Amino acid sequence: MGSAKILSFTLLLFVGYTLVHGSTPKHYIVYMGDRSHPNSESVVRANHEILASVTGSLNDAKAAAIHHYSRSFQGFSAMITPEQAKKLADHNSVVSVFESKMNKLHTTHSWDFLGLDTVYKNNPSALDSASNVIVGVIDSGVWPESESFNDYGLGPVPEKFKGECVTGDNFTLANCNKKIIGARFYSKGLEAEIGPLENIVDSIFFRSPRDSDGHGTHTASTIAGSIVSNVSLFGMAKGTARGGAPSARLSIYKACWFGFCSDADVFAAMDDAIHDGVDILSLSLGPDPPQPLYFENAISVGAFHAFQKGILVSASAGNSVFPRTACNVAPWIFTVAASTVDREFRSDIYLGNSKVLKGLSLNPIKMEGSYGLIYGSAAAAAGDAALNASFCKEHTLDPTLIKGKIVICTVEKFTDNRREKAIIIKQGGGVGMILIDHNARDVGFQFVIPSTMIGQDAVEELQAYMKTEKNPTATIFPTLTLVGTKPAPESAAFSSVGPNIITPDIIKPDITGPGVNILAAWSPVATEATVEQKSVNYNIISGTSMSCPHISAISAIIKSHHPSWSPAAIMSAIMTSATVMDNTHSLIGRDPNGTQATPFDYGSGHVNPVASLNPGLVYDFSSQDVLNFLCSNGASPAQLKNLTGELTQCQKSPTASYNFNYPSIGVSNLNGSLSVYRTVTYYGQEPTEYFASVERPSGVIVRVTPAKLKFWKAGEKITFRIDFTPFKNSNGNFVFGALTWNNGKQRVRSPIGLNVLST
């Protein structure tokens with residue numbers, strides 16, 4: 001579903017109102033803080049009365065209202081003008097008013113790569129204990145008939161669960177079981193903004209929790225899919241599919257349609273999920289950059305209330321590539337970047353001179369014989385520039401020149417639709433595509449004709465062959481799945497990057513996990529992105545959408561082992577046990593040229609589920625710590641009172657954000673010497689000593705006091721100081737290092753990021 005279609009319906013919906021009132025209404029969320037109320041009818045009445053104060057009448061208020069939030073926090077959403085929204089923001093019971101923006105979805109072997117078998121081998125009870133953990137998934141729904149959601153061997157639904165199985169199109173009570181224990185759907189917000197879903201042409205959808213997109217099915221099965229053997233995509237990545245926590249339960253919240261998720265619908269889903277009693281909440285979605293302020297963003301607000309209730313919220317960092325584009329960056333959200341695993345999908349090219357070029361693709365189609373090669377630039381349509389044709393854009397290629405040939409195209413920019421190029425070639429009579437993509441080390445795509453992507457080394461060989469051969473030919477081979485490739489992991493080229501645009505002292509993203517070429521369950525009616533648009537039950541896709549459920553699953557495993565741990569403790573355990581080394585014992589890289597990745601790419605590093613179960617030391621923080629953090633970022637006492645339901649005063653000297661007890665250490669404006677403080681809690685059993693070691697950021701002297709921490713029993717807390725003394729400016733860039741505590745058994749590592757403004 002294209003954004004242009006959605007935009008056209010939005011314009012049609014509001015044009016009449018604009019003519020009458022002279023001001024276009026927009027969809028706003030009116031957030032009123034932590035005042036949940038069991039009597040939803042009284043809340044609705046109160047919301048209508050508040051809304052009527054700006055609309056002029058109760059009837060107009062009822063017509064404008066879309067969602068009412070009352071289960072876990074209070075508020076509503078409504079179609080109102082910017083002027084009316086401004087008036088509501090001044091109401092004494094309102095924390096904030098912000099426009100409901102559109103979020104986007106951040107679109108087997110990975111668990112072996114992470115060593116998850118070791119977790120279950122060393123902890124045989126893990127599968128049983130995980131069955132009491134409930135993971136809420138806010139996404140595009142679920143395909144319940146997938147074998148990944150069978151409930152063989154699972155016990156009764158946990159008594160703590162208060163959710164529902166909501167029926168609808170092609171979805172009955174029988175579609176829920178002891179694996180999918182709850183399912184809801186939300187579309188009011190999106191329909192208020194774009195009109196009825198039925199108006200979206202050429203799109204299959206179900207007005208129910210059933211997934212027509214595939215994305216939600218994929219993420220849910222990655223988290224908690226049951227073990228299913230002999231799974232593949234057209235023979236690729238063949239093996240056993242499973243979720244990271246295959247005994248965990250799933251509660252599905254469908255808030256995304258056609259790849260878009262209205263803030264107001266996501267907020268409603270979070271309101272329900274918190275009330276339903278989920279333990280982990282997974283969101284593979286987020287806003288386009290720039291990231292909205294914390295309390296002008298539905299995900300940040302909803303996640304704060306989840307954090308208060310002991311629910312960890314794991315969310316994808318986004319696929320926006322560039323610096324300062326990471327989303328979902330509130331410190332109470334676990335922000336997940338994407339990285340590769342040690343598996344490649346090779347679709348090589350056999351040239352007419354018998355040389356073989358390395359290509360990457362998800363290409364199951366066998367090409368019979370060899371075909372002529374032609375550059376797209378040499379096949380430009382009449383009146384079109386060769387440059388445009390080299391990118392194989394629509395209407396730029398001459399069908400008479402490409403018919404029966406393999407066309408060599410070039411990626412113009414990172415955001416190019418690579419699949420579309422193959423469609424254009426097929427429509428013109430071409431039989432294959434070689435796509436020059438200098439980032440061709442990551443994502444495997446599916447195409448409608450035999451196609452493969454090549455990087456710089458292969459490009460040079462191909463160009464040399466094309467220059468010397470009068471009638472060049474080639475064959476594109478079907479994909480072979482190679483396991484054990486090196487180096488891995490690498491930061492995914494598409495993964496959004498820090499620094500945190502709102503609070504740069506808080507390093508974001510937090511962690512990275514497998515997000516490239518991940519095989520998981522799929523909706524068989526979602527055929528738009530598959531080879532020749534064929535129906536499949538399992539699919540391979542990439543994105544931070546795929547890495548997020550890996551972290552959600554590992555969080556669920558830790559929660560099952562340590563039910564009393566706070567969300568912050570679970571985050572800390574995963575972050576401080578992460579690795580920054582690949583399988584060649586080198587630092588994790590970012591691109592094919594060997595550029596090293598930084599904490600702005602991978603946060604604290606690549607997740608290590610085995611080590612995260614026994615972290616040794618934890619950087620914990622509470623809801624009160626978050627409130628102190630908000631004070632340092634300008635929150636008023638009135639906002640805090642509405643937020644928490646209690647009178648909360650900010651300290652006269654609020655704690656600086658670089659002293660927030662986060663597992664990473666960031667200072668975005670280092671002017672001369674500075675002391676930063678952290679407190680660790682001992683999560684071991686026996687007396688032990690930890691010793692500090694520092695990887696020093698360039699141009700900065702670092703001293704840790706005390707440099708030795710002695711613990712006698714579990715639960716002990718010790719505060720230490722890190723003194724930074726810069727002797728060289730960093731010229732507007734961050735310099736990185738790390739602090740590690742080590743007791744000979746556990747290493748507790750925190751990345752350091754400093755922007756040195758003056759010495």
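Think of each number as a place in line: the chain as shown, counted from 1.
In case you wondered, yes, glycine gets a Cβ from its N, Cα and C as well.
The feature signal peptide is assigned by Swiss-Prot to 1-22, with sequence analysis given as support. The annotation domain 'Inhibitor I9' is assigned in Swiss-Prot to 28-105. Residues annotated as domain 'Peptidase S8' in Swiss-Prot, with sequence analysis given as evidence: 110-613. The active site, charge relay system annotation in Swiss-Prot covers D139, H215, S545, and the record cites sequence analysis as its basis. What Swiss-Prot records for N170, N230, N388, N593, N642, N671 is N-linked glycosylation site. Taken from Swiss-Prot, the feature domain 'PA' applies to 390-462.
Structural mapping of features recorded in Swiss-Prot.
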residue	record	Cβ within 10 Å
D139	active site, charge relay system	29
N170	N-linked glycosylation site	14
H215	active site, charge relay system	28
N230	N-linked glycosylation site	8
N388	N-linked glycosylation site	18
S545	active site, charge relay system	30
N671	N-linked glycosylation site	11
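Restricting the average to the domain 'PA' (390-462) gives a pLDDT of 93. For the domain 'PA' (390-462), the DSSP-based tally of helix, strand and coil residues reads 22 helix, 16 strand, 35 coil. Residue counts for the domain 'Inhibitor I9' (28-105) under DSSP, split into helix (H, G, I), strand (E, B) and coil, are 31 helix, 23 strand, 24 coil. Between the CA atoms of S545 (active site, charge relay system) and D139 (active site, charge relay system) there is a gap of 10 Å, rounded to the nearest whole number. Here H215 (active site, charge relay system) is compared against the recorded positions D139, N170, N230, N388, N671, and the shortest C-alpha distance is to D139.
Under the three-state DSSP scheme, N170 (N-linked glycosylation site) falls in the coil class. Taking the Cα of D139 (active site, charge relay system) as the reference point, the closest of the glycosylation sites N170, N230, N388, N671 is N170.
Each residue contributes its Cα atom, and for N170 (N-linked glycosylation site) and N230 (N-linked glycosylation site) those atoms are 28 Å apart.
According to DSSP, S545 (active site, charge relay system) is assigned to a helical segment.
Reduced to three states, the DSSP call for N230 (N-linked glycosylation site) is strand. Note: the CA-CA distance between N230 (N-linked glycosylation site) and N388 (N-linked glycosylation site) rounds to 44 Å.
Distance between Cα atoms for N671 (N-linked glycosylation site) and N388 (N-linked glycosylation site): 49 Å, as a whole number.
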